Amino acid sequence: MEEPQRINDEPNDSVVPDPAGPSEPAESDSEDEHTHPNNADEPSIRRKQNLRFKELLSARAEEITAEDIKEVIKATKDDELSMSNLLAKQDFASVIHDPREYQVELFEKAKKDNIIAVLDTGSGKTLIAVLLLKHIIEQELIDRSAEKPHRVSFFLVDSVTLVFQQAAVLQNNINQRVDKFCGAMETDLWNGETWERHLAKNMVIVCTAEVLYQCLLHAFVKMENINLLIFDEAHNAKKDHPYARIVKDFYLKDGNAKRPKIFGMTASPVDAKMDVVKAARNLETLLNSQIATASNLSLLRQSVPRPNEEVWSYDRLDQPFETRLYKELRSRFGDLRALEKLFTFSLKASSNLGAWCADWVWSYALTEESLPKLEGRAARTAMGNLPIAKIVRPEAEIQRIREASEIIRSHKFGDPAVRPELLSPKVRRLHHELLKYFERHTDTKCIVFTEQRHTARILCDLFSRIGTKHLRPGVLIGVRSDASGGMNISFRQQVLAVVSFRKGEVNCLFATSVAEEGLDIPDCNLIVRFDLASTLTQYIQSRGRARHMNSTFAHLVERDNFVHRESVNHLQSSEEIMKRFCISLPKDRILNSDDVDALYESDRNRKSYTVQTTGAKLTYSSSLVVLAHFANSLQYEKETSTVVSYYHRFTKNAFVCEVVLPEKSPIRGIVGKPASKKLIAKQSAAFETCLLLRKHGLLDDHFVSTYHKRLPAMRNARLAISSKKSNQYDMKVKPKLWETSRGIIPTSLNIVVLGFRPRRLLHREYHPLVLLTREKLPHFPEFPLYLEDDIECDVICSSISSGFQVSSHDLEVLTTFTLRIFQDIFHKVYDRDVGMMTYWLAPLNLSCDISSSASRDLLDWGILQFVFDNPEIPWSSSNSAAFFANRFVYDRWDGRYRYFTHGIDPSLRPSDPPPSSMARRRHMGNIMDYCLSLFKNARKKFLENCDWTQPVIKAEIIQLRRNLLDKRTNKEKIKEGDYYICLEPLTISAIPASVAAFAFAFPAIISRIESYLIALEACQELDLPISPELALEALTKDSDNTDEHRAQQIHFQRGMGKNYERLEFLGDCFLKMATSISLFAMNPDNDEYDFHVKRMCLVCNQNLFKTAVRFKLYAFIRSQSFSRRGWYPGGLTLLQGKGQSKGATENKHALADKTIADVCEALIGACCLLASKNHRFDIAVKAVTALVSSDDHNVLNWEQYSRLYSIPKYQTAVVDAAELDLAAQVKKKLGYDFKYPKLLRSAFTHPSYPSAWARVPCYQRLEFLGDALLDMACVEHIYHKHPDKDPQWLTEHKMAMVSNKFLGSVAVRLGLHSHLNHFSTSLQSQITNYVEEIEAAELESGDPPDAWTLTSDPPKCLPDMVEAYIGAIFIDSGFSFEVVEEFFQKFLKKHFEDMTIYDTYANKHPTTYLHNRLAIDFGCSNYCLKAGEVPYVDGPGTRVLAAVIVHDEVVAEGVASSSRYAKLKASEAALSKLEGLPPFRFREIYGCNCQAGQSEAGNE
């Protein structure tokens, strides 16, 4: 007899689709995965929305013009503006008009040659630069049109402030793109691609010289990329200044054809006490330029009037002497090195300034604000270069500095206005002269130049006391953030000082050399050199500040002091020599090559190294910077700083330096070449180390580290992680438990009885099965399956306490039954291998009582033996009618066709056509033909030899639905009609129909059991005893956007049970509380801000994600629903049937980083619901420690929090009568009796209250703690009271419970407001008004629970008091959470018994209201609210654009400084636009057909 052929032997024969399953080869068991049963358009909708928003963002970035920004700038206060906008708001950036003749003359020269324009300060050198830039840009545009390489102009300055100032000037005078860069923008971290972008989009770049120099060194920019170099204050080009290095290292090394044009600007080419002519020639040589000045000086004089130059003589100064205060400080603290410079200045000031000024320096040098820097200096000094054995602990020195501060605080300074003898003759003369100018209201503006910063500060303070009411002094000194003695100043403060001077708010500026050059300070009519100019440049530049007609430039000169007189005369004569030299220079002169060679004389002993492929250059001086950047790149987040160490030693008349790199560097360092100077030795060592790093591939071809520094976790912008971007991670598909003893033939087995408890009567009988395993399984919770017509049935998994011994025969019987289940029911034939079986199945003995029977007796051995003995049930036509009823029948050749029989239908014969109730198949000739799944020859032979007289059996086809964990889809609800079959083409299974019916549910059951086991494995990794139910809930993610609670769920996975959302909501709150308690206990001296920053680092998603990845929690997350291929046991070889395809990715899943972090919070939430022996939060505390993985939270149970806490001194200090009275009053009101009344005092002390009076900290620390504790109490209440609400609802309604508005009303109702200690008149009136409003609201409304929602917002201090009080009782009670709960139950809970009254309050938020409007009122699901930072906008800060997009159309937009407020604005704008719009009109305008689509889906 010919062997029957399988259908898939004939691939060319087409298959007609039928409703029983998709069209496929007959071997198929119809188990193709439908991974995304949802709307297939959802991903494309999301992509379209993202694309639409990106287009909008790009468009808006261009539309937000300079005019928009100017409007914002105008409306913003000066002290709130950024540096660039602060300068833009002033007239620094005014448009320059009408060049004068001498400016045009110099411009024409600059067009032809490299020149250094020498003109007085204020004579318009910048205009010449603007004219030249416009000319160069015109040429550049022509060159670009001829497809020549792009080139850019660089305007170089010597200070950061000038970057902003000159950029503002150029932006207002040049109609091409101008950008500005300085080191503060972290330009040293930019790579070549970044610079390429800037060069491509800008015509002019204004930057500090160091920025360009570093670029040239790294070859990110080359001389051939530059068409013009402008050197502002060109006299700085000397020695190793970046101006000089740019020219020497790059400009002169390039060929003439590649060199850019050079234009220098200076008031004087001489910046030192040296021969004027020689200095000028050196500058010309160095800048490869010719000095040029106005040929007609009279024209220049007419444009820039010269001031009247005067000498103010003063009597001879006294010798430096020790004042009484100086003596006292010197005798007690003269050995403190941290105060050494102050002592030196004070002594000199006694002569130069007078006794009062000599003492006054201490008044600000030892203030509370200045002490930290002095203390830091003391600590560094103590730990400095001393050997370890001699290191002195700095605490004593710091304490002595504080003692000095106390002396100053109590010192009585004399009144210099009453006692002029306290001032030096020099200061008295200055005072005498200034009084003349400021004796009445005047427009006079004066700058007094001093040599030292302290002098400027002291004179400013002095003249604020002894000046007239019309003299308004101010101070302008150089930027130094590291200065001690109260003299640290930022760029911002410097610019604000200039702004005040420009506005006339200050009219007498005491300034150091910073006011001499560069900064655009308005014209003055009085300039005083309090300290004489030391160089010609100083002289000319400071004099140039006096530009008004009839202005005065005065030198303060000591009477009969030849040195002073000669100094002034020398400067005046030097200026004349310099001018004659400039005018007499021949026009056709060229630079002497010997002069150029002389430039490199100092560099002859310094090597350099150039990378030929890129042109990047390493020099002695640049090697220090390169090495510092390399070390910095080794730093990883919060690890210790990676600093290069340099160690010097002196041997054989030379210095030798050794470099030691940080520990993580693959190369530790090298010893440099001997050198005569310490600095050169250091540079040599750095240079040689860089070469070694380059040799080992640790520096690339641009001398940039091949490592990349991880930015600090502290940076808030980096704490958030993406909730959209997904990565592929390994996913556990089978629990580890199955593998532990696989491969070994067991001698005993454990039992789990599987059964159903239906909610309604089932139509079919289901015979329970027994799951047999090698290892004892844990107790599993009940979970639902949906059988037949979506009848919900609870699956009960009863784990039997004791196992039973099995023989080899028993195992053979059990293995046969289990494999027969896979073969007959699921069309899978496995290789028989008892040792590799994961588990076994057996029918339950229905006559046994589970609770009392022996384990072995629970198995129905009769059915097991029958199946073992009979591979199938034979039949014949002579069998009785009863034989044909209630059988399980299957098609051995086609896995789609399985039936339960009902009995014989005598009205039909095999040769009759199939009734119309049966789905169409390929062969519809007759019933016999319909039931046969063979092809051609085999089919023909079978039909020739079959019994055509056999009965026709009425049967029910079994649906191929496997995922019984969820209700049927619309497609699955299609009712199948009756089927009529012949048995000869089919096989009657030996498995009883009731057992088979239950077995069809087994894939869903075992899938959920395996999910429980995998979830428990994750908990075991963390050593957390979480129950299976909570563990699985915490690890279940059932859609791509699970966290977007009310958005349409993308790729929703059906039948997965509860997802992690609610547990995450609870865990997030507990995490906040736990870390707050730990930080509070461990850091008693930290302020609230420190707490917030540290907590932010602990609870941020980035930190949780990092820990989760370390534990590989991603593998345990359940992100995929029931798998038709994945539920089968592993270990066995599949011989027949479809297995998991080779290309399947079921062991991988895509997870967003935020999802992994959210799961951590969900696990913590799960632990909150577990009972513990001692404290109910013990396991949750342990979970937090495991998942934050930080020393800042390292406790294993609740009780350990209190052990961390070191009681601060103030808490146990002696309690005074007022504090006892306060505690008694509060006990009467609230019922809590404080052990430490100081804590209560602290809780009610406002930050404005002076600490010297309070003697306790203000409430901010306790408020930080109380806020987290109250959050937890509220969240627990709302979580348990509303088990069916999603996290969005919970969050919105929790906001009401912890809102400042509610807590403010609580403070008043409990009478706490009267106990607040504060020092603010305005606050008092605010509290009074608010209390009156609350009392009025109570009278009017009758005091309903939500009366507080109708009042205005309270002063912030009132809710802070409540939270601080909660923190205080928590600490006072020894870290008892119960007292917090008691407070909640007693005073807060009554307001929230009915949360529905707060629905309106929650929905008032514009974003929530917009969602409800679109989703509920309009029935739209294709909408989104997106936000993103607007790129390249130089506004007053970060600019974020938010947009509401409906069906690809932008409905509304909002721009703000943060995403939160931008979304708020966009939502409000969208609501305004949608107001009054009927649904039909909405659908017309936006083309919305969502409701129609939903209707169609519902009717499928």
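Along the chain as shown, residues are numbered 1 onward.
In case you wondered, yes, glycine gets a Cβ from its N, Cα and C as well.
Straight from Swiss-Prot, the features:
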| type | residues | note |
| --- | --- | --- |
| BINDING | LEU119, ASP120, THR121, GLY122, SER123, GLY124, LYS125, THR126 | ATP binding site |
| BINDING | CYS1420, HIS1447, CYS1488, CYS1490 | Zn(2+) binding site |
| DOMAIN | 106-287 | domain 'Helicase ATP-binding' |
| DOMAIN | 426-597 | domain 'Helicase C-terminal' |
| DOMAIN | 623-713 | domain 'Dicer dsRNA-binding fold' |
| DOMAIN | 862-990 | domain 'PAZ' |
| DOMAIN | 1061-1172 | domain 'RNase III 1' |
| DOMAIN | 1223-1374 | domain 'RNase III 2' |
| DOMAIN | 1408-1476 | domain 'DRBM' |
| REGION | 1-47 | region 'Disordered' |
Rounded mean pLDDT for the residues that make up the domain 'Helicase ATP-binding' (106-287): 85
Residue with minimal Cβ packing [other Cβ atoms within 10 Å] among the binding-site residues LYS125, HIS1447: HIS1447
Spatially closest candidate among CYS1420, HIS1447, CYS1488, CYS1490, the listed binding-site residues, to THR126 (ATP binding site) (Cα to Cα): HIS1447
Listed in sequence order, residues not in CYS1420, HIS1447, CYS1488, CYS1490 with Cβ within 8 Å of the centre of the Zn(2+) site Cβ atoms: LEU1414, PHE1418, GLY1419, SER1421, ASN1422, TYR1423, VAL1446, PHE1482, ARG1483, TYR1486, GLY1487, ASN1489, GLN1491
Stretch among 426-597, 862-990, 1061-1172, 1223-1374, 1408-1476 sharing the most Cβ pairs under 8 Å with the domain 'Dicer dsRNA-binding fold' (623-713): 1061-1172
Cα distance (Å, whole number) from SER123 (ATP binding site) to CYS1490 (Zn(2+) binding site): 70
Helix, strand and coil residues within the domain 'PAZ' (862-990) as assigned by DSSP: 30 helix, 20 strand, 79 coil
Alpha-carbon spacing, THR121 (ATP binding site) to HIS1447 (Zn(2+) binding site), which is rounded to whole Å: 62
Rounded inter-Cα distance in Å - LEU119 (ATP binding site), HIS1447 (Zn(2+) binding site): 64
Distance from SER123 (ATP binding site) back to CYS1488 (Zn(2+) binding site), taken between C-alpha atoms, in Å: 67
Residues satisfying Cβ distance under 8 Å from CYS1420 (Zn(2+) binding site), sequence separation of at least 6: LEU1414, VAL1446, HIS1447, PHE1482, TYR1486, CYS1488, CYS1490
Which listed residue (LEU119, CYS1490) has most other Cβ within 10 Å, given these are binding-site residues: LEU119
Neighbour tally for THR126 (ATP binding site), based on other Cβ positions within 10 Å of its Cβ: 20
Cβ neighbours of GLY124 (ATP binding site) where a neighbour is any other Cβ within 10 Å: 20
C-beta crowding around ASP120 (ATP binding site), within 10 angstroms: 23
Three-state composition of the domain 'Dicer dsRNA-binding fold' (623-713), taking helix and strand from DSSP: 29 helix, 20 strand, 42 coil
Helix-strand-coil residue split for the domain 'RNase III 1' (1061-1172), DSSP-based: 65 helix, 9 strand, 38 coil
Packing count at THR121 (ATP binding site) (other Cβ atoms within 10 Å of its Cβ): 22
Conformational class of CYS1490 (Zn(2+) binding site) under the three-state DSSP mapping: helix
C-beta crowding around SER123 (ATP binding site), within 10 angstroms: 23
